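Participant: Mind looking over this structure? Questions follow.
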């Protein structure tokens, strides 16, 4: 045992030496990069690289999965409230004064590359020529007009989306919404083998764009604070932010949740509320809320030890997942940021660059900070508050007659008999938005659709109706054109347009 203990001590000493060497090498490289900054960008570059250095230090300290599976417990009953209970409290007469304490924050750092688009994802047209950003502005403008309030919109951009977004914002200069922006950090990607940055200087244009990345939406706390905007909004009397992904069309301001925050039934305010919703088979990988060391904690699939992944995905054991709609007290962000007390697990995101180089990105997720806040709460909301558009399959749903559009908000059509959305899987010929649009002369009637699978070279004529389960598979080299006005109900269409009953 003595020799074993000695060898273990030797191993940990050896690991410590390697860790120190890596940190030193990283510091040298970052100093070299910083030395290339012009005076006007020095301050910002310094802040970014300091933040990265802290994250890298933590990355080297952490070993193995960041959760001990044995400590994970189901959250106590009262820590996740059903939305119906919160709605049943009704609304006070002075809802406008409550609304005036709110700021809407949209996470706007992502590009539309997964859908074959250049530029910010928020500028993709989703409904009647309206983009994600248009719909967001319309929603808040409607709120401000209806209640005579001043709810501002804040966009967290990344260096990828900032310029394009700012150009577009001019078109809203006459709308009744104050719009602010701030940028999340810009961190260097690191070589997977050497764990050193691949950037040689601070520039991020041309060939250098691949050297840098925005470090996930967990960066909101530091960037919001560093931008000075957090203090300005507190100075204006704002108390809560409602944060969500800009591509989640269900994430509208909910007055009942806001009232619950501002006027809590037990008199004790929550600093952090996470909207969760029931898992379906499509959401088994979503992060879930658990009780861990007497605190609510978000557990993501990447943190789960391999042996327990199937258990994590179980819809019966972990029934809910995080929608990333979050309500957070501004004063709490300020307090924790100043104490450097916001603790978020590091997500290691491996990427392969165009030239074949393997790199890693160190990221954090905004919801992971829930355990750092006091009196946190989960609210189990209806599925309608989670309507993300990640793919053209999602886009087909929100463009269809399943939803009606009113003042920037999408609501499920009353003509649909059941509240769940159909399962839609469009094949690789539909991945890019421009290909997808070319393949539909008009969006089909989907009110009575349960399931749609499309694969291969398929196009849809005008006024097609889809009902029940429809599967359309064009074999390699074949093309299927669904004729205008066709009604497909429980049909399998295959090969050279043979239509069979499903």
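Glycine is treated like the rest: Cβ placed from N, Cα and C.
Computed from a predicted structure; not experimentally measured.
Copied straight from TrEMBL:
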BINDING   121, 184, 216, 247, 390  UTP binding site
BINDING   217  substrate binding site
Participant: Between residue 217 (substrate binding site) and residue 121 (UTP binding site), what C-alpha distance do you get in Å?
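Facilitator: Residue 217 (substrate binding site) and residue 121 (UTP binding site) have their Cα atoms 15 Å apart.
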Participant: Among residues 121, 184, 216, 247, 390 annotated as binding UTP, what is the maximum Cα-Cα distance? Answer in Å.
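Facilitator: Roughly 21 Å, rounded to the nearest whole number.
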Participant: Going by a 10 angstroms cut-off between Cβ atoms, which of the binding-site residues 121, 217, 390 has the sparsest surroundings?
Facilitator: 390
Participant: When you tally the Cβ atoms that lie within 10 Å of each candidate's Cβ, which of the binding-site residues (184, 216, 247) has the highest tally?
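Facilitator: Answer by Cβ density within 10 Å: 184.
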